[in-house]
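Contents: one structure, followed by commentary.
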Amino acid sequence: MESTMKEIRGGGAPCVLDMDDAATVGGGVEDTYGEDRATEEQLVTPWTVSVASGYNLLRDPRYNKGLAFTEKERETHYLRGLLPPAVTSQELQERKIMHNIRQYQLPLQRYMAMMDLQEGNERLFYKLLIDNVEELLPIVYTPTVGEACQKYGSIFSRPQGLYISLKEKGKILEVLKNWPERSIQVIVVTDGERILGLGDLGCQGMGIPVGKLSLYTALGGVRPSACLPITLDVGTNNEELLNDEFYIGLRQRRVTGQEYADFLHEFMAAVKQNYGEKVLIQFEDFANHNAFDLLARYGTTHLVFNDDIQGTASVVLAGLVAALKLVGGTLAEHTYLFLGAGEAGTGIAELIALEMSRQTKTPIDECRKKIWLVDSKGPDRQYAKGVPSTLQETMGS
């Protein structure tokens, strides 16, 4: 262990470990002691804890409860005089917020109200979302989040998530260490090139990772502090945004080719080094030409997932399998027609072909002949002849 330590600073300062090459595994650090954390800075006196109180407590969204603080809590945490005297239950707060949100006529106004609540009272935000999921899901995510991303620069107030731009190239690990939470389990990352069906929204695509991770917590039970939304800003080709005075990202054309690949590789290596081997990295709303390649490239070295390609495909395949109970036959006995060949459509098509192959023991190339992808000009080509080169490997893994 001593051989891995190049510098240790004492006197109450963080302990810095510089791991040598022999201790690393594919860009990460070998989990020798089962801690599942890589190069995490530990305090020399780890029992020293800083407890927020008073004014600072009311500004910390993780612990702020607003008027729900009891009399005893107000006394203990120095909140006397910082709140009105009334003590209100969380249930009453929830009814009040829902009443206020329903007064807004525009979905974007409701979205902004929910984001303000998330930044001010995290507990109440998730209580509200869980108890009113059917009503609020279209607000915090699709379709309203699409409009929010288009206008993100105009409605931007407090930053959410982590922005990593080309300015940080060569220093991405340092940027990750700026995030206050250390035990991250899930990262949702986008480069903003293909936000929903809206195209290239550049840095303003941050609304997607933020919204997606809200669902991880509300519907999946993942604690908010374990979630990290990230936007990789490599520029944008959206002329409207480049000319928008309120745009919050880099004002340059997108980088491509080797420069893009190097930037992504530094990011992926830094994530593993900072958060360990088991952090889940979900690629969200990357353009087709990058999405498949990223899955194929990092599928064997990182825990990665693409919802557009894999998540949607699994749900649709499950629906088809269930539908066969009504329409009869097997997957291989039907022909499938897709309008468009985006990430979702192509991912669904390939998963159907893979399942056909598994059921019938037939080569996958034969199964693909049952699937057609068409666009506005008609059936330009059969799926078997147009499948992306990396897709079979990606879906098979």
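Cβ coordinates come from backbone N, Cα and C, glycine included.
TrEMBL annotations:
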- Tyr141: active site, proton donor (ACT_SITE)
- Lys212: active site, proton acceptor (ACT_SITE)
- Arg194: (S)-malate binding site (BINDING)
- Glu284, Asp285, Asp308: divalent metal cation binding site (BINDING)
- 118-299: domain 'Malic enzyme N-terminal' (DOMAIN)
- 309-395: domain 'Malic enzyme NAD-binding' (DOMAIN)
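Overlay of TrEMBL annotations on the structure.
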residue : record                             : CB count, 10 Å
Tyr141  : active site, proton donor          : 20
Arg194  : (S)-malate binding site            : 23
Lys212  : active site, proton acceptor       : 22
Glu284  : divalent metal cation binding site : 26
Asp285  : divalent metal cation binding site : 25
Asp308  : divalent metal cation binding site : 22
Whose Cβ lies within 8 Å of the mean position of the Cβ atoms of Glu284, Asp285, Asp308, the divalent metal cation site, other than those residues?
Thr190, Arg194, Ile195, Ile208, Phe283, Phe286, Ala291, Asn306, Asp307, Glu343
Roughly how many Å lie between the Cα atoms of Asp308 (divalent metal cation binding site) and Lys212 (active site, proton acceptor), rounded to a whole value?
12
Starting from the Cα of Asp285 (divalent metal cation binding site), work out which of the recorded positions (Tyr141, Arg194, Lys212) are within 10 Å.
Arg194
Select the closest residue to Lys212 (active site, proton acceptor) from the following recorded positions, measuring between CA atoms: Tyr141, Arg194, Glu284.
Tyr141
